[in-house]
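Step one of this worksheet: look at the structure below.
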Amino acid sequence: MLVITAAQRRALRARAHSLHPVVSIAQKGLTDAVAHEADAALKAHELIKVRVYNDDRDEREAFLAELCERLDAAPIQHIGKLLVLYRPAPEDETGGSSGAPARRNGRRQPRRTKRSFQGSSEKE
């Protein structure tokens with residue numbers, strides 16, 4: 001299970017405030033399919049909310065602990081029937097984590113106008 005500081009936890013709780021639950025744990029409990037979906041969501045988003053449709057608080061806490069253990073994630077918050085999990089995205093070997101193509105010199109090229117296509121010769 002991932003361990004984070006209190007300051008990091010506070011910042012992550014603030015980030016999670018506006019999130020909607022992306023994984024649900026229902027009647028059948030914490031199945032392999034639910035764990036797989038939570039893993040995919042953590043890979044995509046790093047920070048996720050999980051809704052638990054269960055009235056037993058101790059069982060919800062057990063779900064949170066088991067999810068964090070299985071997915072190597074950090075428990076951020078358990079409030080009501082919502083659980084918040086965090087797992088940082090793995091760093092790529094190339095150093096860049098975005099899927100966007102890199103620019104050559106880091107700058108945008110100037111926008112070409114109609115005149116630049118027509119040539120720069122002036123008629124007299």
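Indices start at 1 and increase along the chain as displayed.
A Cβ is built for glycine as well, from the same backbone N, Cα and C atoms used for every other residue.
Remember, predicted model here, so these are calculated numbers, not experimental data.
Here is what TrEMBL records for this protein:
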- 2-98: domain 'CRM' (DOMAIN)
- 90-124: region 'Disordered' (REGION)
- 104-115: compositional bias 'Basic residues' (COMPBIAS)
Residues of the domain 'CRM' (2-98) by DSSP state, where helix covers H, G and I: 40 helix, 20 strand, 37 coil
Model confidence over the domain 'CRM' (2-98), averaged pLDDT: 91
